[in-house]
Structure formats: C-alpha cells, structure tokens
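Listed in Swiss-Prot for this protein:
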BINDING   31-38, 57-61, 84-87, 154-157, 182-184  GTP binding site
BINDING   Ser38, Thr59  Mg(2+) binding site
DOMAIN    23-205  domain 'EngB-type G'
Amino acid sequence: MIVIKDAHFLTSSSQLFQCPASLTSEMVVLGRSNVGKSSFINTLLGKNLAKSSATPGKTRLANFFSTTWEDKENALRATFNVIDLPGFGYAKVSKSLKKEWEGFLWELLSVRVSIKLFIHLVDARHLDLEIDKNAKENIQALLRPDQAYLSLFTKFDKLNKNEQHRLFLNAPKPFLINTAHFNALSSKYPTLEIVRQTLLKHLLTNPL
C-alpha cells in the first residue's frame, strides 16, 4: 500500500525565475477551470493543500508542492514535486494578461527537465470539449521520450451507472478517475490506491 508520508507547499510562481530548482521528478496537473484540480490533488495527497478560487480562472500562478511517497511492500520511498497549474479556459482576463500567462505556462512545460508526467483532468460529463482536445494535442506535441501523458476523469460519481460503464469501456487505458466516493463505486473501477500506483510507476520509470 502506498502512503503519502509528507506533502507540503513549496512556492507559487508566475515567471520561470520564481520556480524552485529542478532537483526531483515532477508531475504536472492541468485541466480547464472548475474541473476539480484542487479536489484531485487533495485526495491524491490526503491533505488539503491545493486551494480553489471562488472565481474559476482567477488564479494565474503555478503552485509547487513537495511530496514523499512510501510503498512498504516494495521497500520504496521517493520524493516528487506536484505542480498545480491554473485552470485553462478562463474568460474574464484581458488579452494581454492571457497572452503573458499562457507564455509563461508553455515555457515552463517546455523547458523544465524535471517534469516526467502530465496528468490531464477531464470532466467525465463533458468528454468532447474542444478546449480539452487542444490541450491534449499541445501537451503531446511537447512530450519528450522520458515523459508520459495520462488522462484522468473527474466528477465520475456525477454519472449514472450506465454512463460510468460506457466511459470505462471506451476511455483510453489506464482508466483513472477521481471521486470523493471511491468506496461507493463498483469494484471494477480503479481505487485511490490504483491511481497512486499508476502515477508512481510512471514517475519511477524515468527518474530525474
């Protein structure tokens, strides 16, 4: 069983020089505004670290968290950073600010060698949004051989059982979800433990 032994906030940045040194492997969490990034990060880490804004799209900072994972069964202990990116698809900002902000984010994702895993959160109720398709294409265009891209579906518990099953059959594998009610789901769906194992496996495949 994987246990998160430590998770704490490092810093926020809006420019590259403000980012912490690239000393350990990192996973990036991205998704459109109001997709549930804060909820996913807090569930994953077992701690209320990520804060959501009352106004979707208002936050324009990349937030860095340091985490230590322990897998006792395999005598493994490893430290990774989690980077929480601002939600994309916001509307209430000026064009100049939007351009500046997007420039920082894409530069961060392009040049930071410590990023090993991109986790793209997608609302399970809205699978075919153009904004998510564009984000996926842009991230995959950036991918280096030592990086991986995974989709993870949020708000899975908002679907009825037929919708859950249909998504499970048709979605790319590994099938990963986030919900506040993992224990209430059918046993065929991934648990929080499986989500953690999958992410850890990808982070360890190409260590920094």
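The backbone N, Cα and C atoms fix where each Cβ goes, and this holds for glycine too.
Distribution of Swiss-Prot features across the structure.
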residue : record              : contacts (Cβ under 8 Å, 6+ apart)
Gly31   : GTP binding site    : Lys37, Gly87, Phe88, His120, Leu121, Val122, Asp132, Ala135, Thr154
Ser38   : Mg(2+) binding site : Ala50, Lys51, Ser52, Asp84
Leu61   : GTP binding site    : Ser12, Ser13, Ser14, Pro86
Lys155  : GTP binding site    : Val35, Gly36, Asp123, Ala124, Arg125, Thr179
Phe182  : GTP binding site    : Thr191, Leu192
On average, what pLDDT score does this prediction assign to the domain 'EngB-type G' (23-205)? 89
Which secondary structure state does DSSP assign to Pro86 (GTP binding site), in the simple three-class scheme? coil
